[in-house]
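**Student:** Sharing a structure with you now.
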């Protein structure tokens, strides 16, 4: 009875923390979506869909520290299991986490392959005023059916794809791999779900390489460099207006005597008049920003922004160094591409892999660090998306602007962030493989010692950090790790993706260093949906 009560207490602690994270996530998603959605084109359904899909992704990531916490707290620091942690209780705890993953991953599949596409196509059809609601729903369902078919194919392939590994590899290593995956289960339903989620994670990896890697270098450098002075930009703009007005006056003077203008002059006049309208619109925006209290407040916070920029670039360098050492470890010590570069433990230590187990001894510091890492990925991804925009090959589909993002763009944004957040679980594993696999678990090993006072040798049990050499019944592997490595070919793709991530980060760092300061109205003159009577994207 006492054993059951202690186990329940441990579960309550873990899930209470998860509940607090859940509330924080919902609040963050609401603020985040409301900040970027268009004030003029705000739609209730698209807003709720965006908030819900982003929240589901973040909640799934929040399961990672819960998973690690539960497997770690089943054991004492001396390597022994706690009194309540017998085989049945341990299995019950592991199944609880597994069912949590089942539920959340199923909801993610529903969002990605049905709900988000349906809402997106519904609003695409809504732009046509002549279309009835019934027709809009039918058309949206017709297009969504294609996504449902893709999901069904992924589930079928995942359920029956062979997982046989090459026979020319070390048999001991593969026995260990097989025994680990047997813990996760061998049902076709689980394999289908794992394959589908891994496919989405692979797309998330491509999004992370495109947006997160660039944003990780662009965000801190933009904070450090700041923006150009509104007063100086306004002075330059005034000079440009005077110059364009002189050109217009010169061209118009040619027709004072009643002679018609040549075709070339007409084209030039039209271009100058269009340029003048743009410059006057910029003048209004710059005047508003120069006189706003928000600009003065941001100017007072300039030193703080520089400090944050330096902090973010140091964090980025910490991540890059940890990721490089982890990938180098796999390149040197894993079984190769046919095994998905799976490696047990860490032969080359990296800063984060050493830091996280230490923080876990002081609850809940590791939760805080994992949350910071996930939020850092979110903010840098958003910075990358804002700088690059949403593209389909060479065609720019949408721009993300504060207070001016259309419902369709908002759905695209949350879809990309959902996929990136899915990939963060593997990124965290890449940064701290030992922590994600075993947490802070220890196990006991027998060591022979020789004593001068007593003849012969004696045996002493000493704790050791859990690794691949530990007996199967002494260390519990997290469910997260098993989900991530169910299919070796995805692990191989993630490995090469990490190298691409490092390369894009370095390229982005060079590009961001070479770029000058941004305009205070960056992107305003590009936005076709800005009316002349609206002062600025920063007016909110």
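A Cβ is built for glycine as well, from the same backbone N, Cα and C atoms used for every other residue.
Taken from Swiss-Prot, the feature transmembrane segment applies to 11-31, 51-71, 101-121, 145-165, 189-209, 306-326, 365-385, 409-429, 487-507. If you look up Swiss-Prot, you'll see 32-50, 122-144, 210-305, 386-408, 508-540 marked as topological domain 'Cytoplasmic', on the strength of sequence analysis. According to Swiss-Prot, the feature motif 'YERL motif' maps to 232-235, an assignment based on similarity to another entry. Positions annotated as motif 'WTKF motif' by Swiss-Prot, on the basis of similarity to another entry: 294-297. If you look up Swiss-Prot, you'll see 528, 531 marked as phosphoserine.
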**Student:** Residue list, the transmembrane segment (306-326) vs rest of chain: Cβ under 8 Å, 6 or more residues beyond ends.
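**Tutor:** Those are 216-217, 219-224, 226, 346, 348-353, 376, 380, 427, 430-433, 498, 501-502, 505, in sequence order.
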**Student:** How many of the residues that make up the motif 'WTKF motif' (294-297) does DSSP mark as helix, as strand and as coil?
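**Tutor:** Its residues divide into 4 helix, 0 strand, 0 coil.
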**Student:** Take the topological domain 'Cytoplasmic' (32-50) and find every residue of the same chain, 6 or more past its ends, with a Cβ under 8 Å from one of its Cβ atoms.
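**Tutor:** Here the qualifying positions are 111, 115-116, 119, 122-123, 400-408, 410-411, 413-414, 529, 540.
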**Student:** So, taking each listed stretch (51-71, 101-121, 487-507) in turn and counting its Cβ pairs to the transmembrane segment (409-429) that are under 8 angstroms, which one gives the highest count?
**Tutor:** 51-71
**Student:** Does the transmembrane segment (51-71) come close to the transmembrane segment (101-121), meaning at least 3 CB pairs under 8 Å for residues 6 or more apart?
**Tutor:** yes
**Student:** Report the listed stretch (11-31, 365-385, 487-507) having the maximum count of Cβ pairs within less than 8 Å of the transmembrane segment (51-71).
**Tutor:** 11-31
**Student:** Can you count helix, strand and coil residues in the topological domain 'Cytoplasmic' (386-408) using DSSP?
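**Tutor:** Its residues fall into 5 helix, 8 strand, 10 coil.
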